[in-house]
């Protein structure tokens, strides 16, 4: 791709059209005035056009009004007030039902809208009530647009008192989503504007902000615990006077996105959970205008109300232009039987069309130029007429200056009523080889354009002359359609369109082009056509041109593959009245257009896919394995009586959704692998289920084998462009690089794996530009790659893939995106393609506009297999029949007529606007059956506005809330036989309805069935009377009507799953052999309507047994069943292979299920009973023998009153060896290396750290070097050993359980002791802890730490180790039998070492990895306890930040423990350890520096949340920073101490990144206790993040300190002051090294002794001395004791006398009893009451944190224990 295309500046602009504030602009400048960013589309430049067109484009005024016959927003805001923000759909429906019933109009025609009374124009934006935050608001009009001008004033600032403005109704919605769309102009003086939007605003210290200052756009969030802002490269701030279209979305899950003029302002930001939780109840959305000194912000925001604004761009006088001069033109004609075209022999130009005596112009003025690579060329043309219908033009294209040397053949051909314009051959005489490097990209024919050569036109001289065109709009308030009368005079027109039509009162014409052009993003994408007004003589002509085509393109010199090229083609179709309504308009052209348009691959299936949904797998949990999804297909087939289905498999690959992206052929093994997936594909066909998969072509994760440095996208500053961060931190890719380097091969690999049968590929994310060019051309190439494999193309966004896609998720999932980002809002587009796509605005009333009851419906997508936590089966079915059946019914027809009503005023989402509703739509099918859909009222305030009547061939099939609609197609769209034809009945309200049946149904009897998950039930024979039937049935319950009696198809449940009916969907237990009281075993439904087996109230054991089929001999298997046991009675799963029996059981379930995509999670809508779910899988691992004919599985429950629930049985091959190195469930040492995990994170289950969520813990796969330490600054290994480890991403500071074992996975038996060891990686100290608990976990309340746990915090593993560390703990099973172990997220914050954003996420500071878990039963001894304790305590005694007195006591006690006898009892060991724990808790830290608590006051100018105390918190990532508004250099920071304290100097620690506020010159004044001032200065400190020191050269007993930065670094210099830390050092008395001279002398003397016993004693003392020295245990008293002891050794038979010195409690080999006591230091040392979490260097107490950090780290160190010999 030519590099110049990336950097090209706009050379022209065109008029823009939009409707209302927050609009998706319906047309815009083709390119902006700035260089095209990498995010921008890279096609569509039309520099160097013919002079008149270029001039028009260059001089067309920017006008944000949708001027051409678009209704203006009325001043009457007659809709109900919106005060609390948009309501949920459920609330709106409830309100609607509460309204009194309105009497239906007696006339057949719809009720008219009520007339509106104009009102005075008032400001739509108001300043806030708080006086200090008030600005000014004025109304102004400019160039035909009304604005509210918002200004800050002198009383405002840019921190706590900015000018704030609010708009009635603009709030965060009921679901927690915020959407803001503004069109504004910055009227401030250049570089002085500080404007933006506050979201979820509580006050200026608690909010989310998106805005700009002179340095550009940025985001920021603030909360009491976490505040930060964007520090990356910024998008430039708007130019003064420029028009800006700002779009911001903040989703409830914390994802923040923003764009201005369709340019992304930053990559997706995900708010920290703490911030999101803190602000979740805040609803305010405000605009901010800041002031600083004399700089004011002035911004004009376009208003909704544009009524009465005068436009100034329509010429007052008739226009004239050059006359046509054909004196040198030679014309010819080509014609079919119906259409004649007059063509120019010198150039492929059509002068005029004739059809049945009526004419339409083409390009009336002579034109003879082609634009190659945006260079104007006049070709040498050879004309050849092939036959009556066809002519050819051979063009020689030469431009030596631009290396263009090519030939091109263009063919004009008339076919029936069509004109085809085709480039049939292109020869580039430069050497170009697809896939190879080219030396100069100018040699490519990158783009080809015939702009200026209108394919068809209409003249103002013709009666009824009009142009009608469609652009992309996804804003429900704003139609993308333009309807323009072609008159003289008229406004200029030069604009891109997706669809375009010209018409007179006689003829209409439409144009299709395969141009994949983008004139920009938003409404300017997919602009395949260009409409242009040209004045010729005394007439105005509006012509439709094909936009530019793309041909040969490259990426950094690598030519794109051959398949990316597509020969340019365009077609014109001309028609008379096509819909027999006795008039000609665009609708006739649109009907004819279907005969020339492209048809997206797979479009014929769309109408029959009625039951779309997502089956979700995530985070290694395999919630919906492939073959279980097959059972879901069968269940829906029964419940819908055979409607077609579409199942999108999110998480088909790797470890589930958003794992392993780009490796498309990596089929998820834990959900069944390739074999099960192929089985699903094959078996689903029978039920008309179309399967698709979710992929990502925009970002990748380190685990993927396609993750490599070359494909990754970088920001301008060289940093990586980060994407989604959930299981792993993703990085965006460069899509152009990917295309040039073999992306196609990945699709081909997938096809090879799966073969045929997969229906569609859903491309996630693509379209938001995060991988670069995602515009029309790039998207079409991607779709071609997918189509080439035989797959249908689907996409995420409503605007994405308009040319090729048949399914758009954000259009279909109505809760997504907000009102500005929904389906396509264009009546023209929907008219043309309603039957081909699920891309439309659906019925979601709170969005308003087109979403308030569209007549043709629109897909409404729900789910019951885990996506978004949706597992409400009944809700899914109800929604399907309430919304989707009729939507799909209409798609079996094509639209033939569309009638709009009178504009109505709507108010929602903070906007008041006009909307023109469609009132009547006609549709026909191939058999000429006619459907008419009519809205009952044009009055938006009437309930009948939201009701329709539908007739089929004049017979009513829907009336308001009820329909009885014929359905004559099977699940695959084939016509049903007459006896199988049916009608679906559904009514959202109860009550009787009467229906006229078609004549061929009007027999005496018909048969009605209630539809349930068991199929057709409760048969009713109904009598037909006078051709009518009356139905009085349940509300929201589907029924089906047949002519004759019907039966249900036989279902073979759970094919390939080795058991019949794994999910109890059959409704019967007859396939089980039941022992015990069978009546106590029954199938019941959960709160989410999920079928379960329940055993309850049994007086004896109840067992259900079934054979496992299809097993392989001598093969290892795993089987699990979900179980929720509310009883203390044992519930078991047992497998008997005929040779061996394995059993696993659980007593009362103790762990709630927090797995969001699991149908049995503990959300109320999915709960088992009582609004909770304790469902967890219970496993049995077994190995088959040689005979597999009689392998049985048994589910059983012992006697008990309470209930036990079972569901989802799954059996599959598994090669784990966890039990004593054997596979089968059994005794022995348990080992889990995570290399062969069956499913989930066995033996752990997910804890409540995130609530019910898509868990951020998963099995991480190794991809060296990218998942390992070192790459991109990564601090820890994601995979510790082998290919897999268990990874938790980013769950720090949660004070909750990450994961835990449960007894059914590993049982810590009562009274038995186990050694638990594992290797781990942790990115920060003490953020995660190993915990031991029993019973149900009880989390701490209100953010406090859980109290019922034995907790061992774990230190980081990378600052002092080159590999993972090992932890060892002893666990004794409680008598209750419900002990468990797990990993806990503490309340401690991570330390990101100055990194932030994606870097902090990627590098692992917030992560925890586990591997090589081992649980070994041991016979507990005192020695084990002492050895384990020593591992925990030795790191603590090595620390140097505690006082000598407190540490010596601990050292001596630890040494005593190290010398304990091997046979020390358990009780004695525990007693000794308790003493040590008390001494450890009593440690006192040294005071090395002043801390915040030492000061009586800290006073300094500061930005909110960035006060001076931050410089004393020990956290390098928090800052003291003066006001961001600047101006605080030279202002003092004053620190007053509580009492005079000795200090010796200052260490200034600058911020870790950036320069703003870094001190350059400083003045430091220290006032001592006598009042004397000591002044120090420093100058020219360098601008870096290294510490800077001022050494006082003396000790000062300070009472007050004043620090002033007189010169600083940063933006502009001398604006701010900042510091990460201010460390005022305290004098330290150096600890005197231990005096060993006495010991050495005694040792020298003792070494001369000759008695063997003495020699052994000396050796023992030496060993003990070495052990104490090596392990930092030596104290003065110990040295003194050792010396005294040695001095008393003599060569004699007598024992030495007792030493004269009082000694600690040592146990040396020659000492049999205690001869001294360890002093009770705990009585002497008072522990501070509040152990703050502060850096040790500051001297602040932090006992638990620091000591656990040290003690646990020893578990990863080698221990050298001296074994002393007894006397």
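Backbone N, Cα and C define each Cβ position, glycine as well.
Swiss-Prot lists 1233, 1235, 1281, 1284 as Ca(2+) 2-binding residues, and of the candidates 1395, 1407, 1411 the one it assigns to that same site is 1411. Range annotated as region 'Disordered' by Swiss-Prot, chosen from 229-252, 253-276, 277-300, 301-324: 301-324. From the options 1735-1739, 1740-1744, 1745-1749, the stretch Swiss-Prot describes as motif 'LPXTG sorting signal' is 1735-1739. Apart from the site residues 577, 579, 581, 583, 588, the chain places the Cβ of 578, 580, 582, 584, 585, 587, 897 no farther than 8 Å from the centroid of the site's Cβ atoms, the recorded Ca(2+) 1 location. Of all the recorded positions listed here (581, 588, 658, 796), it is 581 whose C-beta has the fewest other C-beta atoms within 10 angstroms.
Residue 588 (Ca(2+) 1 binding site) falls within a helix when secondary structure is assigned with DSSP. Note: the CA-CA distance between residue 588 (Ca(2+) 1 binding site) and residue 796 (active site, proton donor/acceptor) rounds to 32 Å. Taken through DSSP, the compositional bias 'Basic and acidic residues' (127-137) splits into 3 helix, 3 strand, 5 coil. In three-state terms derived from DSSP, residue 796 (active site, proton donor/acceptor) belongs to neither a helical nor a strand segment and is classed as coil. Looking only at the recorded positions 577, 579, 581, 583, 796, the one with its C-alpha closest to residue 658 (substrate binding site) is 796. In the compositional bias 'Basic and acidic residues' (304-324), helix, strand and coil residues by DSSP number 0 helix, 0 strand, 21 coil. A simple way to gauge crowding: the CB of residue 577 (Ca(2+) 1 binding site) has 16 other CB atoms within 10 angstroms, across all the protein chains here. Here residue 581 (Ca(2+) 1 binding site) is positioned 38 angstrom away from residue 796 (active site, proton donor/acceptor), judged by their C-alpha atoms.
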